[in-house]
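Report on the structure given below.
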Amino acid sequence: MFTLPPVLNSSYVGIHGNSTFINFEFSFYTLPMLFLLVPILYIPITIIIILRILVKLYYAFRDRNNNVYLLSAISISQCMCLLFFLADFLYLRLPTSGLLTSWCASIEPNRFITILTIFTYHINYSTMIFPFLVSIMRLILIISPKNHKKFNGQLLRFSIPFICVYPIIFTFFMFPAIGYCSYAAYPFPFGAIIFRIERTFFGLVNNFSLLFNTLFWMTCCIITNFILLLLLIKSRCLLNAQTRSMHSYKVEVSLSLTTFSMIFSYLSNAMIVFLLLELHIVGHYASPIW
């Protein structure tokens, strides 16, 4: 029989109640603080891209464009990326900057940190699937140009609920946990903290499942885009020179850039997971509930 964990004793968990961290004085001149400011560069660009895609989606709905489902998937994907940036900012960048250290050391372990942890992992797992979904929809567009609207519509209606539910498989064991603040080990400077959780179901951790999902969806995305590229090259050879220069070449360049950006995002995510595993940050869950 499962029971919810009692509130953790702050005297022996993380930095809670530790006077050294309570009296910590934050400094702007640290490397984690620089990383905290990095999102200022790419989040506005992401918002502009999302707005442009939404405008195109509006006109696609108005004009009954056949690519409306593909544009819808891309729009949702970009919105999920924006949520991921927000989760990454709150879960990793903000605490490691040292801004929350004194405050976090003066409070008790709580479930708000658990909620933030679950939200971050949920968004991360969901975001991984969208590049593969967009690639499949583009593949359907090439393979079945006459019926792609029907197939892509059915695929999108199935995929959205699946993407919402799928991450629960890898986060359900976090639901009864208690979140707390812990100091971040080297190479982070003194005062940098990270969020962790205690007492998950069965003592399950999220490190290898996160790595598995990253590699799995990256592999699926690479295979799908490789097939797309082959089909695109084949179709390009069948077009006349004028059509090829005006249409196929632009699509091929766009596809190549899209493929590269997708693979790069997976690789960067995998490298971060490897780094955090090395630092014992990802999946540091203890004291299982029975």
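Cβ atoms here come from the backbone N, Cα and C positions, even for glycine.
Note that the structure is predicted; figures quoted are calculated from it, not measured.
Counting residues 6+ beyond its ends, the transmembrane segment (31-51) has Cβ neighbours under 8 Å at 75, 78-79, 81-82, 85, 88-89, 93-94, 96-99, 188-189, 192 in the same chain. Positions annotated as transmembrane segment by Swiss-Prot, on the basis of sequence analysis: 31-51 (among others).
Summarising the annotation, Swiss-Prot assigns transmembrane segment to 70-90 (among others) and lists sequence analysis as the type of evidence.
Residues 70, 73-74, 76-77, 80-81, 83-84, 87-88, 90-92, 155-156, 159, 162-164, 166-168, 170-171, 174-175, 177-181, 195, 197, 206, 210, 213-214, 217, 220-221, 224, 262, 265-266, 269 of the same chain, all 6+ positions outside the transmembrane segment (112-134), place their C-beta atoms under 8 angstroms from a C-beta of that stretch. Among the features that Swiss-Prot reports, transmembrane segment is placed at 112-134 (among others).
Distant neighbours of the transmembrane segment (158-178): 2, 4-5, 7-8, 73, 76, 109-111, 114, 117-118, 121-126, 129-130, 133, 197-202, 204, 206, 209-210, 213, 285, 289; these residues of the same chain sit at least 6 beyond its ends, with a Cβ under 8 Å from one of its Cβ atoms. Annotation source Swiss-Prot lists transmembrane segment at 158-178 (among others), citing sequence analysis.
Annotation comment: Swiss-Prot describes 185-205 (among others) as transmembrane segment.
Summarising the annotation, Swiss-Prot assigns transmembrane segment to 213-233 (among others).
The transmembrane segment annotation in Swiss-Prot covers 262-282 (among others).
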